[in-house]
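As annotated by TrEMBL, domain 'G-protein coupled receptors family 1 profile' applies to 88-342. Taken from TrEMBL, the feature transmembrane segment covers 71-96, 108-127, 147-166, 187-209, 235-258, 290-313, 325-344.
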Amino acid sequence: MVAARRNNIFVTEAAFFFLQSCRGFQTTVQDDREQRRKPVRQALHRWYSHSMTMEANHTTCNPAKYSVSSIVWVAGIQCSLAVVALLGNLLVIVSVCRCTRLRTITNYFVLSLACADLLVALNVPFYDAFYFFEDLSCHRRLCMLRYWFATYSTACSSFSHLGVAVDRYVSVVHGISYHRLMRYRLAAGYIVCVWISCLLYSLLPYMGIGDNEDYPLALDAAHVVCDLSYVYSRIYILATVGISTIGSALTLVLYFFVFRASWKHLKAVASTSDVHHRVKQEARTACTMALVLAVCILGVLPYSIIVFIPFFYDMSTSLQVHVKPYVICLFFGKSSVNPIIYGWKAKDFRAAFREFLCPRKSNGARPA
């Protein structure tokens with residue numbers, strides 16, 4: 001009898017401790033769920049507070065003094081350039097992927113440039129939407145996304161140009177060791193690292209690093225406009241422009257050595273030799289890519305100057321308001337010019353384009 005009671009007490013205590021442990025586990029699970037939901041609730045609270053503050057302050061979004069005619073004119077130019085850039089860079093991508101003759105290390109970097117230009121072309125409709133839908137300027141994340149494409153594509157283009165310059169430098173200056181130094185796997189790894197690192201850098205403002213915390217709540221109603229100078233912090237803008245400038249400067253230095261070495265080789269070697277023909281071909285390829293780099297610099301440099309103007313002068317200057325939309329046309333236009341340069345200066349690309357556009361009349365490169 002006593003043993004039975006002891007067994008019942010033991011079973012009761014075991015059941016009690018088991019229930020307590022289950023309750024503690026449920027409490028821990030609930031706490032974990034609450035911790036996971038907390039960032040979402042905070043984000044929703046910030047968004048709701050932002051919307052209510054905008055409504056209470058009667059904030060006017062995108063008050064830039066653009067006339068309707070200028071908006072339609074600029075949007076028409078930018079969308080036309082976007083169509084040309086979209087079709088042209090798609091043609092470049094398809095040509096490199098399908099034509100075995102174009103699968104060179106240099107064209108791997110050309111493929112990376114075409115992908116960056118394609119990203120710019122896809123951004124144009126979303127960018128122009130802020131001209132017509134003014135309320136978009138009051139949405140912080142959408143305004144940051146408007147300039148994310150430009151930041152990401154510009155950084156990728158800059159380092160892709162640097163990769164082309166390194167490839168041309170090794171080919172001309174160290175031609176004997178070219179196939180040992182430059183390999184397809186190395187070029188592909190470099191391109192992947194460039195795109196991943198540039199992606200992480202361009203996403204920093206979304207993580208709270210490099211964004212302007214005051215946009216748009218702390219701005220006056222007359223100044224709430226979706227502009228790069230307001231969305232990102234000054235340090236982040238300077239760092240972005242500085243990275244692109246350093247990349248372009250290194251690329252120009254490498255091209256200087258490429259052309260100097262090519263000129264020396266062409267003067268030292270007889271014009272009938274195979275070495276002369278190879279060096280001349282490599283120099284011609286370098287000239288084509290240098291022309292692409294020059295177009296890129298001409299498209300990015302005016303935009304960078306316009307971005308720096310608010311750091312020294314008032315944002316309401318007529319130069320900032322009236323000139324910037326047309327400068328942005330130059331920025332978008334550089335993406336549409338590159339495929340034209342390839343078809344004009346590069347014989348293999350010209351043959352591949354003719355193959356895809358006029359397959360019956362073409363006698364050039366054949367798709368694999």
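Cβ coordinates are placed from backbone N, Cα and C, and glycine is handled just like the others.
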Contact check, the transmembrane segment (108-127) vs the transmembrane segment (235-258), 3+ Cβ pairs under 8 Å, seq sep 6+: no
Chain residues outside the transmembrane segment (147-166) and at least six past its termini with a C-beta under 8 angstroms from it: 106, 109-110, 112-113, 115-117, 119-120, 122-123, 126-127, 187, 190-191, 194-195, 198-199, 201-203, 205, 228, 231-232, 240, 243-244, 247-248, 250-251, 254-255, 258, 289, 292-293, 296, 300, 331
Range from 187-209, 235-258, 325-344 with the greatest count of C-beta pairs under 8 A to the transmembrane segment (71-96): 325-344
